[in-house]
């Protein structure tokens with residue numbers, strides 16, 4: 001389509017032809033600006049424009065993202081753009097978009113995981129503070145370990161997810177999109193509520209694995225150790241859950257592309273096993289039998305399955 005033909009289009013014709021437009025030839029700067037405005041306002045698209053000359057300045061300014069050429073581009077184009085492509089390579093634009101989406105998604109993954117763990121931990125502490133018959137099943141040292149998992153290690157694991165070509169197969173987020181979408185809120189509160197109810201239930205009764213809170217001090221220690229172990233394993237599987245922010249079914253997709261994630265989860269699991277078996281009085285834990293381990297890991301894995309339903 002030429003610039004003259006574009007200017008003569010009616011609104012109805014624009015709706016029919018512009019979504020499939022590939023080339024706008026012999027066009028004026030005003031034509032480019034009008035085209036960008038139409039895509040933004042009438043088609044609700046997120047628009048990027050590349051240009052290298054003064055005649056591209058209007059379109060670069062109007063676009064959501066303006067990209068100019070660093071080598072061949074004029075000073076006017078560079079001033080009007082948001083991003084300067086230093087090597088003048090169009091392939092760099094694809095990498096830029098892919099990295100931008102990856103960073104944004106990684107932030108959302110970490111926020112989702114943080115919010116889930118915080119809701120559960122704070123709810124348990126509040127219930128223990130206001131309900132006199134309920135003692136907090138997690139000690140200060142155990143909470144410090146959970147906080148280490150939640151902050152430092154989870155940040156490294158989730159924030160280092162590498163960019164993938166799969167990120168380019170979906171539409172971009174709109175400018176008014178919330179960092180935490182309705183889907184993420186559902187994940188956060190759904191997983192948090194499930195984990196909270198399971199933790200509270202086990203803190204009050206251990207009959208499922210063959211003992212009772214009321215029998216002896218040793219069994220009470222076993223109970224609290226099981227609750228702590230269960231809580232940590234639910235967070236380990238929640239960390240896997242947090243890898244999805246678009247309602248993906250397979251949370252393991254591309255997991256081995258991120259060696260940091262695999263390594264950190266492995267270290268977390270190894271340290272948790274070590275804490276249970278040799279932590280002793282310092283971590284307020286006692287060794288668990290095979291039933292306790294199966295129960296903890298099984299319920300943790302159940303959180304993963306529940307989130308996929």
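Positions of Cβ are set from backbone N, Cα and C atoms, glycine also.
Please treat TrEMBL annotations as automatic predictions, because they have not gone through curation.
Fair warning: this is a prediction, and the values are worked out from it, not measured in the lab.
The average per-residue pLDDT of the prediction over the domain 'Cation-transporting P-type ATPase C-terminal' (136-307) is 83, rounded to a whole number. The annotation domain 'Cation-transporting P-type ATPase C-terminal' is assigned in TrEMBL to 136-307.
Summarising the annotation, TrEMBL assigns transmembrane segment to 110-131 (among others).
If you look up TrEMBL, you'll see 143-162 (among others) marked as transmembrane segment. Cβ atoms under 8 Å from those of the transmembrane segment (143-162) belong to residues 102, 105-107, 109-110, 113-114, 117-118, 121, 231-232, 235-236, 239, 242-243, 257-258, 260-261, 264-265, 267-268, 275, 283 of the same chain, restricted to positions at least 6 beyond its ends.
TrEMBL lists 183-203 (among others) with the feature transmembrane segment. Packing against the transmembrane segment (183-203) from elsewhere in the chain are residues 108, 111-112, 115-116, 119-120, 123-124, 127, 134, 137, 223-224, 226-227, 230-231, 234-235, 238, 241, 245-247, 299, 303, 306-307: each is 6 or more residues past its ends and has a CB under 8 Å from a CB in it.
Per TrEMBL, transmembrane segment is recorded for 223-240 (among others).
Beyond its flanks by at least six residues, the transmembrane segment (260-280) meets 145, 149, 153-154, 156-158, 160-161, 225, 229, 232-233, 236, 239-240, 243, 286-288 of its own chain at Cβ-Cβ distances under 8 Å. If you look up TrEMBL, you'll see 260-280 (among others) marked as transmembrane segment.
Same-chain residues lying 6 or more positions outside the transmembrane segment (292-308) and placing a CB less than 8 Å from one of its CB atoms are 187, 190-191, 194-195, 198, 208-209, 222, 225-226, 229-230, 233-234, 236-238, 240-241, 249, 251. Positions annotated as transmembrane segment by TrEMBL: 292-308 (among others).
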Completion exercise
Under 8 Å Cβ-Cβ from the transmembrane segment (110-131), and at least six residues away from its ends along the same chain, one finds 137-138, 143, 146, 149-151, 154-155, 158-159, 179-180, 184, 187-189, 191-192, 195-196, 199-200, 231, 235, 238-239, 241-242, 245
